[in-house]
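Shown next, in structure tokens, is the structure this report addresses.
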Amino acid sequence: MSEVNAREMALIVLKAVDQEGAYANIALNQVLEQRDFNKLDRAFTTELVYGTLRALNTVDWVLAQFLKHPLSSQTAWIRNILRLGTYQLLFMHRVPASAACNEAAKLSHKYGHKGQVKFVNGVLRNIARQHENIEYPDCEKDPVSHISLRYSHPIWMVERWLNQFGKEKTIRICQSNNTPARFSIRTNTLQINRDNLAELLKQQGMIVDKTGFAPEGLNVEGFTSLRNFPAFRNGLFQVQDESSILAGHAVKPAVNCRVIDACAAPGGKTTHLAQLMENKGEIIAADIYPHKLDLIEDNCQRLGIKCVKIINLDSRTLHNSYTGWADYVLVDAPCSGLGVLRRRPDARWRKEAEQIPALVKIQREILESAALCVRPGGVLVYSTCTITEEENIEQVKYFLLTHLDFVLEDMSRLLPSEIDWQNTLGKGYIQILPYTHNIDGFFIARMRKKRV
């Protein structure tokens, strides 16, 4: 394995995220596309980048105990070389400490000066010798700091989850967020069934198993580049997590009906709804961001979807054009995304508690407009990929209090009982936590508009 090259590529990504505010997944993909890396190199680079970012506060806290001056006083190159080396020493136990230190010194020689080489080498070797003796805050005396540092999450998230879920569930949520998500896909049943797709992927060297809850889903290992994979290019599947697939089943649109997907990009749920409708009927796929419309269009074309009309629209104004038009409306609302942190290792450090009230306001306004678009007797499904009460069940309660013409509708015949860990499907909603079924944290509620 070209570990030196992999480490250097990881360093370039970390520096871009740190100094330029780059998104880790985009920066990493750009770097990997530039190199003819084999699977092992790609996996090693990915683990270095995502692992270091995932554990960033823990890594920085440990480093602070071995530095005379703040980490921020170092150049971006040296700062991230130290982080990269420390992450390997703390978390990558199969990497020899000598390798982590020596390769960091080589990178320091390339991206720093002679004094920095000696400095980096000294700091990392001290950490290698002493890191097992580091004392973390006591879990009983200071559970917030303990969980934040032991499980690498921002303090505000830990405080929020401790209040909402208690200590045991909070730790399990954090542990789940630190476990890389499986790569899940949705079979395009307009072209192939799940069993045949699974067999095809196995023949092409993939490790495949069926998802436990979504009837079209597969978990797959072995992809390097989707764009170069024939089954993807030919529209046999769509990348989509199982929780997201379940949102489509909560809608369960009939063939030849009218559907609005109010926040549609990048089109995963839109194209799933089209599958469920057998590509017959009409779907309005709306999104506020013009640059995202191409993503919906590309997915529709690749998957052979013909029943979707894509519009650039702020969904808070949907009712201006579609009052009473739709049999079904899906509002997969913009949210804090706290249910999918395992998929975006740098996201936890970008989010702030102060963002949530503004999101709640936007969600409320979208629901207000979407409700006007539902015909009497029609269905409104609200979903998010977060786990905060005010964005989920409290949002639904407020909506029902202010819209007496809507009622929650039993989903127990639409979604598998195995995910109903809180026995709420019969009440019309479900909150999936990241650790309960090893799928993304998600909230789904189904509401029916009363007939006049």
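Just so you know, glycine gets a Cβ as well, placed from its N, Cα and C.
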S-adenosyl-L-methionine binding, same site as Cys263, Ala264, Ala265, Pro266, Gly267, Gly268, Lys269, Asp287, Asp332 - TrEMBL member from Asp314, Asp346: Asp314
Alpha-carbon distance [Lys269 (S-adenosyl-L-methionine binding site); Cys385 (active site, nucleophile)] in Å: 13
Close in space, distant in sequence - Cys263 (S-adenosyl-L-methionine binding site), Cβ under 8 Å, 6 or more apart: Ala286, Asp287, Ile288, Ser315, Val331, Asp332, Ala333, Pro334, Ile366
DSSP three-state assignment for Lys269 (S-adenosyl-L-methionine binding site): helix
Sparsest Cβ surroundings (other CB atoms within 10 Å) among the recorded positions Ala265, Cys385: Ala265
S-adenosyl-L-methionine site span - longest C-alpha distance across Cys263, Ala264, Ala265, Pro266, Gly267, Gly268, Lys269, Asp287, Asp314, Asp332, in Å: 19
Local confidence of the prediction over the domain 'SAM-dependent MTase RsmB/NOP-type' (173-450), expressed as mean pLDDT: 96
